[in-house]
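Notes for the one structure printed next.
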Amino acid sequence: MKYQAIIFDLDGVICHTDRYHYLAWKQLADELGIYFDETINHRLRGVSRMESLEIVLERSDRTFTEEEKLLYAEKKNEVYKELLKQMSPKDLSEEVKQTLDELRAKGLKLGIGSSSKNARFILSRIGLEDYFDAVCDGNCISRSKPDPEVFVKAAAMLSTPAERCLVVEDAKAGVEAAVAGGMDCAAIGDARCCEQAAHGLTMFSDLLKVAAD
Ligand code: BG6
Ligand code: MG
């Protein structure tokens, strides 16, 4: 097999938190009188919390101090974490769980490479807290995707060279990060239009075909 390890992005790949991000950013934007919609929310995929805030604040005609920005990011996160409490193992699809189990049964190491600082909390909500061989998240890195740091560190945690790792991503920034780290990327959802992706997945279980090569 070409790949020894698979590193999964979390949000938009293993489970779907987009709606909760949207609602939490929308609440903050409304409080600040800033226009925010689903299209802007789409641009936040894969990028860090502080970079997301910068994108949200682009629509404002005033400038914000660093203290204000930290406060607003924290405020959004409190709302977001409250919303995440609605998640349960039901938010992990049967298809995703079964595919993960089959990949593991093939002897592949499985890891997470996520920009989110809430990754472990989300994994615990969906019943995967102890499932992965490595979890590299927003708390482990100082540079966000498209920088490859999160995937390079995840590969090191999995003791697997980059060329034997496959990254699964739903965001352009994530595909770019994987490629910059010397890894192949399987793109799912909107990221499928990224030319840099080595594989396109119509559905998550297509990974079984890709990983069998
Ligand atoms: C990524 C999401 O996984 O995590 C982004 O795709 C989000 O939309 C980023 O901004 C940071 O998340 P958190 O949970 O640390 O605020
Ligand atoms: Mg994602």
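Cβ coordinates are placed from backbone N, Cα and C, and glycine is handled just like the others.
The active site, nucleophile annotation in TrEMBL covers Asp9. Asp9 (active site, nucleophile) falls within neither a helix nor a strand when secondary structure is assigned with DSSP, and so counts as coil.
Here Gly46 (substrate binding site) comes close to Asp9, Asp11, Gly12, Ser115, Lys145, Glu169, Asp170, Ala171, Lys172, Ala173, Gly174, Ala177: these same-chain residues lie at least six apart in sequence, with C-beta atoms under 8 angstroms from its C-beta. As annotated by TrEMBL, substrate binding site applies to 9-11, Trp25, 44-49, Ser52, Lys76, 114-118, Lys145.
Neighbour count (other Cβ atoms within 10 Å of the Cβ, all protein chains): 31 for Asp9 (active site, nucleophile). Here TrEMBL flags Asp9, Asp11, Glu169, Asp170 as Mg(2+) binding site.
The active site, proton donor/acceptor annotation in TrEMBL covers Asp11.
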Any idea what DSSP makes of Arg49 (substrate binding site), helix, strand or coil?
helix
Binding-site residues whose CB lies under 6 angstroms from ligand 2, from Asp11, Gly46, Arg49:
Asp11, Gly46
Ligand 1 is in the model; which of the binding-site residues Asp11, Arg49, Asp170 have a C-beta less than 6 angstroms from one of its atoms?
Asp11, Arg49
